[in-house]
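Everything on this sheet refers to the single structure shown next.
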Amino acid sequence: MSSISVEEDGGRGSMWDLDQKLDQPMDEEAGKLRNMYREKKFSSLLLLRLAFQSLGVVFGDLGTSPLYVFYNTFSHGISDPEDVIGALSLIIYSLTLVPLLKYVFVVLRANDNGQGGTFALYSLLCRHAKINTIPNQHRTDEELTTYSRQTYDENSLATKVKLWLEAHNLKKNVILVLVLFATCMTIGDGILTPAISVLSASGGIKVNHPEISKDVVILVAVIILVGLFSLQHYGTDKVGWLFAPVVLLWFLLIGAIGAINIWKYDSSVLKAFNPVYIVRYFKGGRRNWTSLGGIMLSITGTEALFADLSHFPVLAIQIAFTLVVFPCLLLAYSGQAAYIIRHQDHVFDAFYRSIPGSIYWPMFIVATAAAIIASQATISATFSIIKQALALGCFPRVKVVHTSRKFLGQIYIPDINWILLLLCIAVTAGFKKQSQIGNAYGTAVVLVMLVTTLLMIPVMLLVWRSHLIFIFLFTALSLIVELTYFSAVLFKVNQGGWVPLVIAAAFLLIMYVWHYGTVKRYEFELHSKVSLAWILGLGPSLGLVRVPGIGFVYTELPSGVPHIFSHLITNLPAIHSVVVFVCVKYLPVYIVPIEERFLVKRIGPKDFHMFRCVARYGYKDLHRKDDNFEKMLFDNISTFVRLEKMMEGYTDSEAGTFDAQKNGRTVDLVAAENDDTLYSNVEITTSHSSQDSIVPAQSGALRSKHSTYQGGISTSSAPASQTTSDEYDFLNECKDAGMVHILGNTIVRARRDSSPLKKIAVDYIYAFLRRICRENSVMLNLPHESLLNVGQIFYI
């Protein structure tokens with residue numbers, strides 16, 4: 001076996017001293033960057049301004065629920081006025097327990113640097129426990145300024161939970177399926193929220209003009225939906241400033257109308273604040289129990305509140321909800337209840353009938369605008385969560401358009417947009433009753449809430465390290481409320497509740513099959529990667545003609561030589577003068593700062609002219625068209641070469657040459673390759689350990705700790721024309737000669753002895769998704785004329 005000698009820690013020599021000197025300012029800068037990404041402290045005036053702006057982004061969906069809650073609760077009419085009081089009491093305490101206590105004051109704190117949703121929770125867990133199903137992370141990734149994590153005592157409960165989660169792949173897959181299921185239900189929300197909100201708002205036309213047929217109302221709703229989805233590609237940057245004033249006006253109007261109705265019709269509805277009426281309501285039998293599905297619509301939009309957290313500070317959300325949203329919603333529901341007690345036959349359109357006649361049409365306009373804004377927030381959340389799923393390898397590659405130069409999170413996905421539109425129209429026009437849409441909506445919402453509760457348990461254990469009593473109280477209260485509502489929506493599955501289940505099942509199938517194929521492709525590359533000993537044994541020419549130019553070889557592996565490279569050089573008689581292995585990988589962080597994105601290191605001696613470049617992205621990072629990825633790759637390699645020269649120059653002048661075999665310890669070459677200790681890893685912006693930062697040199701002036709090769713591998717120094725001082729010019733000459741991007745086109749097939757289910761999933765579903773998804777070269781905006789695809793087939 002080929003081996004290579006390295007020095008012991010005690011013989012680090014002068015390069016260790018240089019490494020320490022270079023690391024000091026890097027650590028200081030990393031600290032500054034890390035502080036930039038912590039939640040900032042805002043002044044009181046700025047907090048109030050952000051709280052005002054959050055109304056238009058976060059609370060639209062929750063705020064439009066009064067349009068349809070009582071209609072869906074009493075879809076079969078009212079048999080006892082006391083039931084209205086009981087339903088109102090359930091609404092009051094549901095709003096208190098779920099949006100106010102659970103989400104606003106607990107769950108929002110589990111954000112990932114300002115990002116919310118189930119994928120944010122999953123990212124937090126992936127950073128604190130090794131549950132990522134694609135193990136492509138490296139220890140250097142943990143040094144990112146946005147990669148925050150906790151450390152644990154060996155005997156702590158958090159450590160035991162961490163080890164328990166990491167023990168078996170089954171547990172990792174269960175967590176992944178839960179996250180994907182919640183994601184699919186959120187996509188269902190993106191379909192059902194526009195349908196029910198816009199249809200409910202459009203229903204105001206029929207209230208004031210009873211002669212208008214229901215088909216006209218549906219037609220108006222469909223026209224609004226078509227217009228809403230058709231304008232998505234423009235983004236909300238230019239009209240977003242209108243959202244907050246409109247939603248604030250909406251909350252103030254429904255709160256004021258509710259207060260007037262309480263005073264005007266029946267102030268006794270305020271006794272609903274007594275929870276005794278909840279117990280009395282449940283004594284009404286199965287009919288009242290199943291009506292919980294309608295009552296639960298009062299808290300729809302709560303999960304969107306978490307998903308749309310965006311970059312608003314948690315304190316601003318808490319201020320907006322407690323001072324504006326919560327009291328206005330309580331007044332609105334109480335006012336409607338007071339009106340319904342006096343006019344029980346108006347329960348189906350109580351919202352519009354309870355509006356004073358003098359402001360009816362202005363209120364109709366504001367209601368329609370609020371419904372559109374609520375729909376827009378849900379659509380944007382759907383785009384965002386699909387982008388996160390795509391980045392984590394759980395969704396086929398689709399076109400993502402950045403619609404704003406000011407705000408990172410404003411994106412548009414054309415393919416998903418038109419799918420949502422078609423499904424929205426089908427739901428709006430297909431259901432004969434609005435209550436059926438409400439049943440579907442309630443099923444989707446309660447399932448997402450249940451998944452969030454389950455994911456919060458490991459988050460509180462691993463990330464927050466909360467006391468067990470707090471975790472028990474949070475979980476128990478959440479499950480009592482949510483399982484109660486879940487039991488009610490089960491009765492509505494055949495009355496529209498099946499819709500989100502079918503939608504979720506379709507998207508879950510797509511996402512899980514795609515992720516399964518992605519994992520298998522990564523495992524294939526990992527197990528079939530080529531030994532570095534074989535590459536180095538070929539000599540500097542690699543046994544081929546080295547033609548002028550730079551060849552970028554793309555691989556899923558952050559270390560090792562990919563199989564496609566050996567496949568290429570065994571079938572072609574030539575290879576480029578400079579070879580760069582490029583790995584583009586996504587990490588469980590929301591963004592990777594551009595100054596920390598690229599890691600560059602050298603592979604083998606200098607005369608081989610081989611490098612590795614790892615490009616790291618977060619799940620919110622975008623590949624913009626104006627980003628010249630090819631230029632960024634070359635610039636980072638050039639920077640690496642210049643930094644390497646600076647390090648050698650410093651050592652030559654200050655410390656001279658040190659002996660690479662001072663202590664004579666040897667390690668196996670292949671083993672060194674696997675743990676990445678063979679190569680230097682000069683990180684341009686982040687701090688690094690000693691074993692990763694020493695640059696190997698084959699020049700006569702300096703030899704690194706990896707400079708002496710045994711077992712037939714060349715140990716001669718590079719000629720003078722190829723020393724580091726000339727390498728920068730050599731790189732530029734190769735750049736002028738041309739750059740080629742070599743990508744692997746790996747085809748996945750199921751083995752002949754595989755089960756029929758696996759054959760269908762791999763040979764048909766995954767193969768179809770691969771054909772229709774965008775190529776990696778398109779996602780990275782690589783020049784088409786410089787592409788070279790290397791085909792290969794493997795069986796799983």
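Cβ atoms are placed via backbone N, Cα and C, with glycine included.
Any TrEMBL annotation is an automated prediction that lacks curation.
Values in this document were obtained by computation on a predicted structure and should not be read as measured data.
Straight from TrEMBL, the features:
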{"type": "TRANSMEM", "residues": "42-64", "note": "transmembrane segment"}
{"type": "DOMAIN", "residues": "50-535", "note": "domain 'K+ potassium transporter integral membrane'"}
{"type": "TRANSMEM", "residues": "84-105", "note": "transmembrane segment"}
{"type": "TRANSMEM", "residues": "216-234", "note": "transmembrane segment"}
{"type": "TRANSMEM", "residues": "241-263", "note": "transmembrane segment"}
{"type": "TRANSMEM", "residues": "319-341", "note": "transmembrane segment"}
{"type": "TRANSMEM", "residues": "361-386", "note": "transmembrane segment"}
{"type": "TRANSMEM", "residues": "407-429", "note": "transmembrane segment"}
{"type": "TRANSMEM", "residues": "441-463", "note": "transmembrane segment"}
{"type": "TRANSMEM", "residues": "470-491", "note": "transmembrane segment"}
{"type": "TRANSMEM", "residues": "497-519", "note": "transmembrane segment"}
{"type": "TRANSMEM", "residues": "531-554", "note": "transmembrane segment"}
{"type": "DOMAIN", "residues": "548-796", "note": "domain 'K+ potassium transporter C-terminal'"}
{"type": "TRANSMEM", "residues": "574-592", "note": "transmembrane segment"}
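Taking pairs at least six residues apart, the transmembrane segment (241-263) and the transmembrane segment (42-64) share three or more Cβ pairs below 8 Å and count as touching. Of the candidate ranges 42-64, 216-234, 319-341, 361-386, 470-491, 319-341 has the most C-beta pairs within less than 8 angstroms of the transmembrane segment (84-105). Only pairs six or more apart in sequence are counted, and the transmembrane segment (361-386) with the transmembrane segment (42-64) gives three or more Cβ pairs under 8 Å, enough to call it a contact. With a cut-off of 8 Å between Cβ atoms, the residues of this chain six or more beyond the transmembrane segment (441-463) that come close are 72, 98, 106-107, 110, 118, 121-122, 124-125, 128-129, 150, 152, 157-158, 161-162, 165, 175, 178-179, 181-182, 185-186, 188-189, 192-193, 196, 293-294, 296-297, 299-300, 302-303, 306, 470-471, 474-475, 478-479, 482-483, 485-486, 489, 492-493, 497, 499-501, 504.
Same-chain residues lying 6 or more positions outside the transmembrane segment (319-341) and placing a CB less than 8 Å from one of its CB atoms are 47-48, 51-52, 54-55, 58-59, 62-63, 65-66, 69-70, 74, 78, 81, 84-85, 87-88, 91-92, 95, 99-100, 104, 248, 251-252, 254-262, 264-267, 269-270, 272, 298, 347, 350-351, 353-354. Residues of the same chain lying 6 or more positions beyond the ends of the transmembrane segment (407-429) and with a Cβ under 8 Å from any Cβ of it are 190-192, 194-195, 198-199, 218, 221-222, 225-226, 229, 232-233, 235-237, 310-311, 379-380, 382-384, 386-387, 398-401, 437, 440, 499, 503, 591, 620, 622. For the domain 'K+ potassium transporter C-terminal' (548-796), the model gives a mean pLDDT of 70.
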